[in-house]
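*Asks:* The structure's right below; bear with me while I get my questions together.
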Amino acid sequence: MASGTIPVQNEEIIKSQVNTVRIYIDGAYGIGKSLTAKYLVRADENRPGYTYYFPEPMLYWRSLFETDVVGGIYAVQDRKRRGELSAEDAAYITAHYQARFAAPYLLLHSRLSTITGYQKVVCEEHPDVTLIIDRHPLASLVCFPLARYFVGDMTLGSVLSLMATLPREPPGGNLVVTTLNIEEHLKRLRGRSRTGEQIDMKLIHALRNVYMMLVHTKKFLTKNTSWRDGWGKLKIFSHYERNRLVETTIVSDSTESDLCDTLFSVFKARELSDQNGDLLDMHAWVLDGLMETLQNLQIFTLNLEGTPDECAAALGALRQDMDMTFIAACDMHRISEALTIYH
């Protein structure tokens, strides 16, 4: 079926419940996730059902307010390097920009959660509706802030403040973390020339590592009840570890995941702990929130080294293993409205 405006009274969707797969496609910037999503929409035109893509909210970031958020966050780092801003002031401004990045994701997530957050369903057929959302709020509230912390652009306190606003995920979320070898990743970054964006190698390595740590975090939680399991034996997250994460891509998608491989490990810091090494309660609540968000998210990895058509086919094939929920047919028009506004 062709993609576009969702039919409200189409004979194809007249049942009371519409089986829906909700996919968040994510990863470091410049890998090719957005192109893959667009190619899947095109490929699905020849299959039953409807596929809709919510792109990155560039209009919101670049044109809706007085400041271009994409260019602005890089400009802050340039001003810091030139000595025009102190490291402390630059960190505060960076946190402000990062919150601005998060705003449209939070708005969309809140809107869709009231529509798509029904119980999981088992459906062996192709879904009636596939929703592909370019990035989960985890990106702007957890992954990018942590990467900025690793490179020295943000404080750990600012990261925790952003993470505290992370929304809970309703049932049926599927997060695809896209990956790519570093050589091809850099080649694609140089080819896209997005205005105001810079190729910051330390930030790129940090993001690649953070997203793999996110994958390990989910794996760890599938075998353990909480981030508290093994916390007492976990070593303090050192400056050495922090520096390693920005120099090269060192975290791989291995089969085993220990607590030290997860995002939780970053917060084993003296300034966040009491005299016994236990995380202070308010900070612990933030990690609890991350754990609760991940509870309703399946996480997949997808290598994008192939052609756009091949990558789209691989993304589409993942649907057979994804969680599915239903949307009430009477709510389909709300999806259409959200798609129109978000564009």
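In case you wondered, yes, glycine gets a Cβ from its N, Cα and C as well.
Not measured: the values here are computed from a predicted model.
Dumping what Swiss-Prot says about this protein:
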- Glu56: active site, proton acceptor (ACT_SITE)
- Gly27, Ala28, Tyr29, Gly30, Ile31, Gly32, Lys33, Ser34, Arg188: ATP binding site (BINDING)
- Tyr74, Gln98, Arg194: substrate binding site (BINDING)
*Asks:* Do me a favour and check the Cα-Cα span between Tyr29 (ATP binding site) and the residue listed as 'active site, proton acceptor'; whole Å is fine.
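*Replies:* Answer for this pair: 11 Å between alpha carbons.
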*Asks:* Counting only other Cβ atoms and using a 10 Å cut-off, which of the binding-site residues Lys33, Arg188 scores lowest?
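*Replies:* If we count Cβ atoms within 10 Å for the binding-site residues Lys33, Arg188, the smallest count is at Arg188.
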*Asks:* Specify the count of other C-beta atoms within 10 Å of the C-beta of Tyr29 (ATP binding site).
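*Replies:* A 10 Å sphere around the Cβ of Tyr29 (ATP binding site) contains 21 other Cβ atoms.
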*Asks:* So which other residues, same chain and not among Gly27, Ala28, Tyr29, Gly30, Ile31, Gly32, Lys33, Ser34, Arg188, have a Cβ within 8 Å of the centroid of the Cβ atoms at the ATP site?
*Replies:* Thr178, Leu180, His185, Leu304
*Asks:* For Gly27 (ATP binding site), which of the recorded positions Glu56, Tyr74, Gln98 has the nearest Cα in space?
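*Replies:* Of all the candidates listed, Glu56 is nearest in space.
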*Asks:* List, in sequence order, the same-chain residues at least six positions removed whose CB sits under 8 Å from that of Glu56 (active site, proton acceptor)?
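*Replies:* Same-chain residues close to Glu56 (active site, proton acceptor) (Cβ under 8 Å, separated by 6 or more) are Ser34, Asp134, Arg135.
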*Asks:* Indicate the candidate from Tyr74, Gln98 with the smallest number of other Cβ atoms within 10 Å of its Cβ, considering only these binding-site residues.
*Replies:* Tyr74
*Asks:* Report, as a single number, how many Cβ atoms besides its own are within 10 Å of the Cβ of Ile31 (ATP binding site).
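*Replies:* If we count other Cβ atoms within 10 Å of Ile31 (ATP binding site), we arrive at 28.
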*Asks:* Could you tell me the C-alpha distance between Tyr74 (substrate binding site) and Arg188 (ATP binding site) in angstrom, no decimals?
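*Replies:* Arg188 (ATP binding site) has its Cα 19 Å from the Cα of Tyr74 (substrate binding site).
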